[in-house]
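**Q** To start, I am sharing the structure in question, which I have written as structure tokens.
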Amino acid sequence: MTTILTRPADGEGSVQVHQDPALNIQEETLVIAVYGKGGIGKSTTSSNLSAAFSKLGKRVLQIGCDPKHDSTFTLTHKMVPTVIDILEEVDFHSEELRPEDFVFTGFNGVQCVESGGPPAGTGCGGYVTGQTVKLLKEHHLLEDTDVVIFDVLGDVVCGGFAAPLQHANYCLIVTANDFDSIFAMNRIVQAIQAKAKNYKVRLGGVVANRSADTDQIDKFNERTGLRTMAHFRDVDAIRRSRLKKCTIFEMDDADEAVQAVQNEYLRLAQNMLDKVEPLEATSLKDREIFDLLGFD
């Protein structure tokens, strides 16, 4: 059951969504929440990272936490129905569902779930995330999983869409080398600072995406205590993989650019498995970011 409480120690008195402790994912599972500015490539990053973990022999579950339910289509090669849609079909009697009703097998055995969400302007996305985890636990689908990846909607950091942080060991932030992406990243750091007071989630690092250079990201990292875990340039093969509805690991291996991207994802996955040192980053005030970034 999901409850809404007011807890000043978590988010400076804002209304937060807190999950039932019974919904906690077992300690031995690596749980990663992927955040970033809307449209920055979180789903691409999440799906390719899931594929990389699977290539390393891990049992992987990816949970899309966006009403658009497009997180996993490069893994499954199709748009799959959402948990909220399936629950509506059975009038929210979850006991009537079977795992195959809402869990779909994708590339290299990656298990895929799209939580979906309430209609625009209504309901709470955090509730839907909680219901998804509850379903997975009821059907014992988390017991045989090594890695869980939450792919989270845009840069929304309200109590609802911060809910995956309550399950995660690490948060990865996807960003480009521009002001808007880094500004959004700073807000996400603030959300993680709030959640880390009461939950185990810690910052894992930054994924630089669609960027030839990282000078602005490097400035921000140095000032806040973040680090870049992986760097993906604006490679056309990544764009083409989305159009082909597949992961980067299903593209032509003979292409050196494809190989480079594959290797970077494998390196990132291995680093996360090696239990990276969590970061104690400090967010900046809006004016500080404005003064820090850019050129004199």
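First residue shown is number 1, and so on along the chain.
Every residue, even glycine, has its Cβ placed from backbone N, Cα and C.
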**Q** Given that Swiss-Prot annotates GLY39, ILE40, GLY41, LYS42, SER43, THR44, ASN209, ARG210 as binding ATP, state which candidate in LYS58, LYS68, LYS244 belongs to that site as well.
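**A** Only hit among LYS58, LYS68, LYS244 in Swiss-Prot's ATP site, alongside GLY39, ILE40, GLY41, LYS42, SER43, THR44, ASN209, ARG210: LYS68.
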**Q** Can you count the other CB atoms that lie within 10 A of the CB of LYS68 (ATP binding site)?
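**A** Result for LYS68 (ATP binding site): 14 other Cβ atoms within 10 Å.
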